[in-house]
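Got these off Swiss-Prot a minute ago, pasting:
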BINDING   10, 11, 12, 13, 14, 15, 127, 199  ATP binding site
REGION    30-59  region 'NMP'
BINDING   31, 36, 57, 58, 59, 85, 86, 87, 88, 92, 160, 171  AMP binding site
REGION    126-163  region 'LID'
BINDING   130, 133, 150, 153  Zn(2+) binding site
């Protein structure tokens, strides 16, 4: 099964991907992770990416696509994969389709997880991390025993810059601008499966499984 997970920051893609990995025994492919790995291993595409990164430039789509292609050619992807955070744009989706076609493969399902903006803000702005040991908490869903104090080391709990409302609203705006065309793209291809991400982890997982088996 070849699967793409789409959804805004905070919707729960990472959590759901882990459950799907365990169920189907296929790897999760995150572009950030494979980019770092390719650069570290100095694969042909990793070497190209390193040149851009060392100069402070954005890695162009054709190099990112090349790194994705290198990863998809590996043995553990032969029975399927879960793409998380890629593609982000219609040109990337077109390029991915061409790469997969050359391998005799295609995307089976694109699961689009959605949650309303207020819920996403609650999930993301409530995150806290220990400034000392890095332990994670949430003011609503996983609070520390003493407000603002780490259970593990008594360090101070802080809100990261990435979890502040202004930053999150900007990330959501960028996501919406990039991804709305992608949703239409995969809907037209007949592979889009829309799933409500509001619910327990188990309930959302059940809805995903039902959607891809329908």
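Residue 1 is the first one shown; counting continues down the chain.
A Cβ is built for glycine as well, from the same backbone N, Cα and C atoms used for every other residue.
Predicted, not measured: the structure shown is a model, and the values here were computed from it.
Tell me what's around each of these sites.
Sequence-distant contacts of residue 199 (ATP binding site), defined as residues of its own chain at least six apart whose C-beta falls under 8 angstroms from its C-beta, comprise 207.
Listed as Cβ neighbours of the region 'NMP' (30-59) (distance under 8 Å, sequence separation of 6 or more from its ends, same chain) are residues 66-71, 84-86.
The Cβ of residue 59 (AMP binding site) lies under 8 Å from the Cβ of 35, 49, 52, 53, each on the same chain and at least six residues away in sequence.
Secondary structure at residue 150 (Zn(2+) binding site), taken from DSSP and collapsed to helix, strand or coil, is coil.
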Counting across all protein chains present, how many other Cβ atoms fall within 10 Å of the Cβ of residue 57 (AMP binding site)?
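Result for residue 57 (AMP binding site): 9 other Cβ atoms within 10 Å.
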Hey, of the binding-site residues listed (13, 88, 127, 160), which one tops the CB count within 10 A?
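Within the set of binding-site residues, the most crowded position is 13.
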Just going by other Cβ atoms within 10 Å, which of the binding-site residues 10, 31, 153 has the emptiest spot?
153
Show, in sequence order, which residues other than 130, 133, 150, 153 on the same chain lie with their Cβ within 8 Å of the centre of the Cβ atoms of the Zn(2+) site.
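Going along the sequence, the neighbours appear as 131, 132, 134, 135, 151, 152, 154, 155.
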